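Presented below is the structure to which this report refers.
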């Protein structure tokens, strides 16, 4: 029991240290420094200090255990990266990324390994016992670009999307190559000889490892998507499924010696569109924040442990070997990038410029994966300590020197930075339009190009896959609508959270103010606000009425809600007809003044009968908060007295308010783009208690 | 290469085409082959029906607009030159083009590409995308899957977002501005393999 406690408390202690280190060192104590020096460097320094401290005390500082690293620390980071991988730039550049990842890594490994072997042959170095295979093994370990280090450094410099996805994608996809090379060379060096057959098997092995990993990941991704289809009644554990399936994908593929990283990426990528269509808004937020949290903690721990391991680890320093290794790594990287880009540019539409190439080359950082792989080498492997020392030196060099200087260099070279952009419905519509246009032009041209295949995949997805993996009616929803809805929702939430609700009585007053100021822009914005708030309120109520899952938190159960809503409906109708008289004046005047834009003025109020077949129909029509937390909500809705009978199947008791005023005024009507309370539910809204 | 030369000789005014569009002779030959393949009745001109026979265009939501873009207003047929000129819009932009204001804008520059796309939206050619035109495009892209109200609210929102001079329509400048973050060179280019 004591042992169990002590090991748990050790873990806890480390985690706390890590979190504290990140928080204080990086942000509070040396704020200016953290602008210059990337966090990874600072954390390594912290690790060094901690390690030194432990050594001074007389204890043996812990070394980064490879098993701990690969099983616990690495997966969250990779899952975070894979889940939030920007798909569009990735697929557009996947060819380039693969070339860099596969051929680039192979080139690096053989170049470094081969030249080091040549070096070791020189008598004066004193390393003649190192044979070719050992050198090649070392080369394969040290040549892989590390996703953790790349993420840590690139996060801050906000480089343009293309370069970012190239380096980052490469760091993710080269795992398969690294795994295969590492295992191959380790086997070979045990056996001692290599035949042509072995080489051929190695190539086959590579394909199996990478494609197998992707397949395993994709299967688990589909499973997760399928599961999420049925979780509408158990929203609370939705995030759990996402994490569990992903981790299972990782473990399964590692078990079969396939590429765990690729499995994890594939799982995240495959799962995301369907899961996000199915899960609630809260679950989405939970997933996002948990992933960020875990990956952040993992990253911190990794770097700290790197520092500690440096102090702890057995070292065998050989000046020549280490320095030559560092130089060779740099040289091979630069040569590799330049050479490959030359070939790749012949096939790309948008060529890679010299600046892009430079950043890609310079951003090839090595990190903890290399260290862990080195550590995994069996301890009776000759020269293990030498290798470890060299690996650590390379890591330190890339992370410190390259990591620190990349930002000033980016600024110096005036490399294109990432353009922050708000989601824009225009951009979405036009981009989709252009997609169709290009597909059409490719058709005219008779060319089976990029757009053709993209279109085919989309079509397949729409017709076959979505049907199975997306719950309810949502699978028919076109992406544009989903995007639009999300955007509106986000803005509504933002408005609510920023407290921009016009308050109750003063809403009439504020309308007056709007009139008085008579700036079209402002009142339009106001109207938009109103529209959004109304709509969000609307959504709110629909959610409440239809979602039975969070029954612990809602005040009423379904039946009560019905009664309450009935009562409210009638009350509202009465109040509306009262308010109508007063409100009409305020609403008309601004509208008339800006009447050249009648289309935009209208804020529509629509309800859809389909959804509420379960509930009684009348309650669906008028949105009311059962517990109006803020008087705003109620009065705002009173301002929207009018609904228009837009659907032929309307029928039902629509209340007395419906058509009488149609011709009279230009009322604000609330637009509903949601037709059913599917995903992105707003379950816990400030309106609702 | 013999067949290329013989095909080249069949096409009138090849040099002029090369100059104007920036295609290489090899590209033009391939395009000519395609033109002939589409021109089933060997009339030397393409008619809307010939385009309509392309399956991939038929299922394209904006297929009819694309076909329409090939035909100049009032013309019923497309000859090879016009065919090539329209397709030249989609050639990847030349990075090294010197910015010479006296020369006319090359047909595959960013502006020309955007203009082409804009014209597809703006069917009545009044220089603006009106709400009705936008609605039409949305309707064709989203087919039957949305209600009229959703379409209208999206159209409203779109115009609101883009419209800077509050004339309830999107002019070319506003169109261009709303796409300033998109890499048009990339988005509107297809590879013309040799």
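Including glycine, each Cβ sits where the backbone N, Cα and C put it.
In TrEMBL this protein carries:
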DOMAIN    A:30-411  domain 'Cation/H+ exchanger transmembrane'
DOMAIN    A:504-592  domain 'Sodium/hydrogen exchanger regulatory region'
REGION    A:617-664  region 'Disordered'
TRANSMEM  A:37-56  transmembrane segment
TRANSMEM  A:68-85  transmembrane segment
TRANSMEM  A:97-120  transmembrane segment
TRANSMEM  A:132-153  transmembrane segment
TRANSMEM  A:165-185  transmembrane segment
TRANSMEM  A:197-227  transmembrane segment
TRANSMEM  A:247-270  transmembrane segment
TRANSMEM  A:291-313  transmembrane segment
TRANSMEM  A:319-345  transmembrane segment
TRANSMEM  A:357-375  transmembrane segment
TRANSMEM  A:387-410  transmembrane segment
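Looking at which of A:37-56, A:97-120, A:197-227, A:247-270 has the most CB pairs under 8 Å to the transmembrane segment (A:319-345), the answer is the stretch A:97-120. By the Cβ criterion (under 8 Å, sequence separation of 6 or more), the transmembrane segment (A:357-375) is not in contact with the transmembrane segment (A:37-56), since fewer than 3 such pairs are found. Across the candidate stretches A:68-85, A:132-153, A:197-227, the maximum count of CB pairs under 8 A to the transmembrane segment (A:37-56) is reached by A:132-153. Scored on C-beta pairs under 8 angstroms, the neighbour of the transmembrane segment (A:247-270) with the top count among A:68-85, A:132-153, A:165-185, A:291-313, A:387-410 is A:68-85. Same-chain residues lying 6+ beyond the ends of the transmembrane segment (A:197-227) with a Cβ under 8 Å from its Cβ atoms: 102, 173, 176-177, 179-180, 183-184, 188, 241-242, 245-246, 248-249, 252-253, 256-271, 274-275, 278, 468-470. The average per-residue pLDDT of the prediction over the domain 'Sodium/hydrogen exchanger regulatory region' (A:504-592) is 46, rounded to a whole number. Beyond its flanks by at least six residues, the transmembrane segment (A:165-185) meets 78, 81-82, 86, 89-90, 93-94, 96-98, 100-102, 104-106, 109, 133, 136-137, 140-141, 143-147, 150-151, 154, 198, 202, 205-206, 209-210, 213, 257, 259-262, 265, 352, 356, 359-360, 363-364, 369, 373 of its own chain at Cβ-Cβ distances under 8 Å.
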